[in-house]
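Listed features, source TrEMBL:
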| type | residues | note |
| --- | --- | --- |
| DOMAIN | 152-621 | domain 'Major facilitator superfamily (MFS) profile' |
| TRANSMEM | 149-177 | transmembrane segment |
| TRANSMEM | 211-234 | transmembrane segment |
| TRANSMEM | 246-263 | transmembrane segment |
| TRANSMEM | 275-292 | transmembrane segment |
| TRANSMEM | 304-328 | transmembrane segment |
| TRANSMEM | 334-354 | transmembrane segment |
| TRANSMEM | 424-455 | transmembrane segment |
| TRANSMEM | 467-490 | transmembrane segment |
| TRANSMEM | 502-521 | transmembrane segment |
| TRANSMEM | 527-549 | transmembrane segment |
| TRANSMEM | 561-578 | transmembrane segment |
| TRANSMEM | 598-618 | transmembrane segment |
Amino acid sequence: MNDDKNDGFLVPIDFSNVSGGRRESRIDKYAKRSSQMFIPFSVVDFRHSKALTPASPRYPMQALQEGGRGLARIDSIDTIMAEKQEAAVHEEEVLGSTEIYDKDGNIRLVPVSRALPVDPKSLPRLTVALKTPTPDPKDPLNLPEGRKWLAVASLCFFGSVSLAAEIAVAGLLPVFILEYSGVDPASILKHADLKGNPDPLSVVPPGLTPVSLTSVSLLATIPMLSNGVATYLLVPLTAAIGRRPVLILTSAFSWGGGFWAGYSKSLNSHIAARVFHGLGSGAVEALLPLIVQDMMFLHKRNKAVASIIASQGPMIMLFGILGPYIAVNWDWRWIYWITSAVGVLTWIMLILFVPETLRQRSKAELAGHQLWPIAAGEDRTQLDYATFGARTRWDDLGFFQSGTHWKNAGLQIIDTLKTTMFPAVLWCTLLQVAFGMVMGATGQATSFALLAAGIPFELTGLSQIPQILSTIVVFVVGGPVADSVSLWISKKKGGREAEHQLPNLILPIFFAITGALIFGYADQNHLHYAVLLLGTFFLMTSTLITAPIVQNYVIESYPQWAGPVLVNVSTLRVFISFPLNTQVTTWLQELGPMKFTAYLSIMLLVVSTGIPILFIFGKKLRIKTSDKVAKRQ
């Protein structure tokens with residue numbers, strides 16, 4: 001087609017011959033479609049067109065260049081919408097905000113991974129992946145579902161045994177008061193009658209100088225401090241050498257410290273062994289949530305973490321019941337020997353069934369924006385063995401598969417310092433401190449309260465029976481129910497925000513306040529022991545429900561800093577709680593149970609005001625503190 005002029009008049013354009021015998025260009029193809037019109041500028045003699053100024057087009061106009069010709073393109077609405085769908089329209093979105101649902105209301109598997117370049121010829125056979133991690137068979141997210149839950153079961157077993165040995169000791173404080181006051185605990189506690197006398201030191205016979213109550217309390221509280229130190233050290237270490245070697249090493253500390261405590265000959269040696277044991281059990285709080293995050297999708301994390309927390313109940317209950325009975329009828333050292341022997345078995349299970357899960361993911365992957373294409377009719381990307389290789393036995397059992405990255409450990413420490421003052425981190429820390437104090441108080445006071453209620457010491461372990469019901473409630477409420485509530489809110493709001501986890505905390509806070517008041521009133525007035533156990537049920541349940549929700553909330557708020565924020569919540573909680581919990585028994589003695597638990601309830605109520613504040617303003621606070629990624633629409 002020639003660029004003709006005819007005294008300023010438009011020459012009709014023959015679109016049927018627009019290609020002029022050559023291969024049709026992209027613009028030529030557009031010109032032949034009904035909804036677009038291309039007008040060559042050069043067909044108008046602008047010397048005679050002053051009075052013919054064109055009106056502004058109703059549709060957006062774009063200038064194109066093709067073969068030296070200047071063209072003006074007027075787009076129809078259909079063209080505009082098609083281009084918007086094909087083009088990536090970007091805006092900034094804060095990390096922690098996730099597209100958890102697709103446009104049809106289906107749950108997407110988050111995190112997903114960056115898309116590979118796709119051959120345009122294959123596009124008709126592909127759809128956008130809505131449920132896809134990477135096609136790498138070695139990606140922890142691609143582990144078979146049964147394999148993932150076998151790893152979770154091993155973590156459950158380790159965590160329950162480790163914490164059972166740590167917590168059961170709190171119920172044996174009367175034993176250790178007598179042991180380190182130079183009295184045989186079995187001979188005294190077998191026939192002790194302390195009804196109506198809740199004073200912890202009343203177990204010591206008259207005429208003997210009792211050991212310092214604060215010193216003996218360290219046996220129950222010092223593992224908490226070493227837990228905090230372990231968390232601060234272990235999480236950066238996992239960034240350098242991987243999760244698996246750190247988990248295997250620290251779990252050995254747990255059973256090793258238990259054997260040491262069982263063979264200790266003095267209070268100082270016993271306390272030192274408890275420090276060592278605490279370093280091992282610290283892995284439960286520091287590493288287990290990270291490992292779950294590595295291999296579980298976002299919408300299943302509450303269930304997995306709740307399984308780990310809930311599994312601790314039966315083991316704590318078992319050794320809590322057996323502890324006083326064994327201490328009176330045999331020797332308290334057997335508690336350590338038995339739990340440590342079982343700990344060796346859990347250690348072997350960790351070696352066999354928990355693979356390395358550390359994998360570096362981009363910020364876009366964590367937000368779930370960049371997706372792999374999948375074949376039509378499939379629901380996820382096919383594993384690509386040719387490119388990535390098959391998963392091997394070394395991937396399941398080996399160490400240091402990705403080498404060592406000490407720079408990453410240093411960056412983790414810097415990120416830990418950087419995230420310390422984030423509002424969500426500070427609030428979760430305060431909430432955990434409040435729950436820690438409530439549980440510390442009741443854990444140390446229960447044995448003395450039951451003795452004052454007339455229960456023989458060897459039967460005080462029955463106070464752990466509520467753990468059975470607590471375990472069921474924790475698994476259901478802290479797992480599937482919490483996931484369902486968060487997903488329901490996300491669906492109603494049109495997108496997932498980390499703050500959608502917060503309403504799940506309302507019930508456990510109500511339980512904690514109720515349980516503290518019931519326990520304090522029953523202890524103060526020497527009510528039937530069943531009332532005491534009702535209070536402990538509410539307190540145990542509330543604390544165990546809160547743990548997975550808080551952990552998942554901070555991880556979801558700052559997924560790019562999952563390790564550092566977990567470190568902060570765990571260590572700050574420990575460093576604040578430790579001096580407070582060390583004085584709990586003394587405060588109970590001085591203030592009385594009712595007044596002390598009333599103070600704890602007020603503290604919980606004040607801290608709980610953070611729930612509506614963060615639910616409303618949490619995202620704005622994250623925008624100021626978190627990284628952003630390009631949002632794909």
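Every residue, even glycine, has its Cβ placed from backbone N, Cα and C.
Each of 149-177, 246-263, 502-521, 527-549 was scored by its Cβ pairs under 8 Å to the transmembrane segment (334-354), and the highest score goes to 149-177. Looking just at the domain 'Major facilitator superfamily (MFS) profile' (152-621), the mean pLDDT is 82. For the transmembrane segment (424-455), same-chain residues at least 6 beyond its ends with a Cβ under 8 Å from one of its own Cβ atoms are 167, 170-174, 192-200, 203, 217, 220-221, 224, 324, 462-463, 498, 505, 512, 515-516, 519, 522-523, 526-529, 532, 535-536, 539-540, 542-543, 546, 550, 553-554, 557-558, 565, 568-569, 572-573, 576-577, 580-581, 584-585, 587-588, 593, 596-597, 600, 603-604, 607-608, 610, 614, 618, 621-622. In terms of C-beta pairs under 8 Å, the stretch of 149-177, 211-234, 502-521, 561-578, 598-618 lying closest in packing to the transmembrane segment (304-328) is 149-177. Using the rule of three or more Cβ pairs under 8 Å, pairs at least 6 apart in sequence, the transmembrane segment (275-292) is in contact with the transmembrane segment (149-177).
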